[in-house]
Structures are given as C-alpha cells and as structure tokens.
Amino acid sequence: MPACRLGLLVASLLLGLLLGLPPVTGTGAEKSGVCPAVEVDMNCTQECLSDADCADNLKCCKAGCVTICQMPNEKEGSCPQVDIAFPQLGLCLDQCQVDSQCPGQLKCCRNGCGKVSCVTPVF
C-alpha cells in the first residue's frame, strides 16, 4: 500500500475514534446549597456528573452509588448575632453569596460592616 494511502487510512481511523468519544461535560460553577441526606431505597444510576448537568437550582448529589439532581438544603445552624459596636476585624468585603461557597460547615452570614463572610454557625 502506498504511503499516502496509509497516512489517509491512519487519519481516518483517528478521526473515527475522536468522533466516537463521548463529549466532555463542562465543570460549570457549583450551585448553592448542600445536598440532602441519603435515601436508602435507590437504584445505582448516574443522572449527573456535575451541577452543570442539573436544571435550574438543582444540585448534582452523591447518594451512595447514585448521583442525582436534587433540590439542595442550606447548611445546618444559624448565623451568629453580630455586635454592631464591635464589628469583625479584617477586610470589609463580600466573601460569599450562599452557604455552599463556604468550606466545611461554615455559613455565609452578615459580618457587621454590611458585607457577608464565611463564619462558624450557632447550633
């Protein structure tokens, strides 16, 4: 087989492989909220890979061997009372908009200078 036909054959095979691969799901911004508690009676199916796969405000949640789009919960606890006479020290900037933007169990709460920060909740 001539070299030009062999090159064309290899190029065609590579193109066929690339077209046969599934599209890569975007890693869109994470949606607000916290996934609800795991329900016991679920089949092992994958409805989503990331929040971008879910409609509206639904969040892609892992529940055992399942990933499903669910309405998220807020994080537990409530925001601590802010003493206006003694506002928090530090930068007076918005650090978050919703609880899910805060690490761990921290909540997004008013910080005393008209902005919001990730703070330890009151239980």
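Every residue, even glycine, has its Cβ placed from backbone N, Cα and C.
Residues annotated as disulfide bond in Swiss-Prot, with sequence analysis given as evidence: Cys35-Cys61 (among others). Reduced to three states, the DSSP call for Cys35 (disulfide bond) is coil.
DSSP assigns Cys65 (disulfide bond) to coil in the three-state reduction, placing it in neither a helix nor a strand. What Swiss-Prot lists as disulfide bond is Cys44-Cys65 (among others), and the listing cites sequence analysis.
Among the features that Swiss-Prot reports, disulfide bond is placed at Cys48-Cys60 (among others). Under DSSP, Cys60 (disulfide bond) is assigned to a strand (E or B) in the three-state scheme. Of all the Cβ atoms in the protein chains shown, 21 others lie within 10 Å of the Cβ of Cys60 (disulfide bond).
Per Swiss-Prot, the feature disulfide bond maps to Cys54-Cys69 (among others). Cys69 (disulfide bond) is surrounded by 17 other CB atoms, counting those within 10 A of its CB over all protein chains shown.
The feature disulfide bond is assigned by Swiss-Prot to Cys79-Cys109 (among others). In sequence order, Lys107, Cys109, Arg110, Val119, Pro121, Val122 make up the list of same-chain residues 6 or more apart from Cys79 (disulfide bond) whose Cβ falls under 8 Å from its Cβ. DSSP assigns Cys79 (disulfide bond) to coil in the three-state reduction, outside any helix or strand.
Summarising the annotation, Swiss-Prot assigns disulfide bond to Cys92-Cys113 (among others). If you take the C-beta of Cys92 (disulfide bond) and look for same-chain residues 6 or more apart in sequence within under 8 angstroms, you find Asn111, Cys113, Gly114, Lys115.
Under 8 Å, Cβ to Cβ, and six or more positions away along its own chain, Cys108 (disulfide bond) finds Gln95, Cys96, Gln97, Val98, Asp99, Gln101, Cys102, Val116, Ser117, Cys118. Residues or ranges marked as disulfide bond by Swiss-Prot on the basis of sequence analysis: Cys96-Cys108 (among others).
The disulfide bond annotation in Swiss-Prot covers Cys102-Cys118 (among others) and is backed by sequence analysis. Following the DSSP three-state reduction, the secondary structure of Cys118 (disulfide bond) is strand.
As annotated by Swiss-Prot, domain 'WAP 1' applies to 28-69. Sequence-distant contacts of the domain 'WAP 1' (28-69) (same chain, at least 6 residues past either end, Cβ-Cβ under 8 Å): 75, 97-101.
What Swiss-Prot records for 72-122 is domain 'WAP 2'.
Look at Swiss-Prot and you will find 1-26 tagged as signal peptide.
Taking only the Cα positions, the spacing between Cys60 (disulfide bond) and Cys69 (disulfide bond) is 5 angstrom.
When the C-alpha distances from Cys35 (disulfide bond) to the disulfide-bonded residues Cys48, Cys54, Cys65, Cys69 are tabulated, the minimum falls on Cys69.
Each of the disulfide-bonded residues Cys48, Cys65 was ranked by the number of other C-beta atoms within 10 Å, and first place falls to Cys48.
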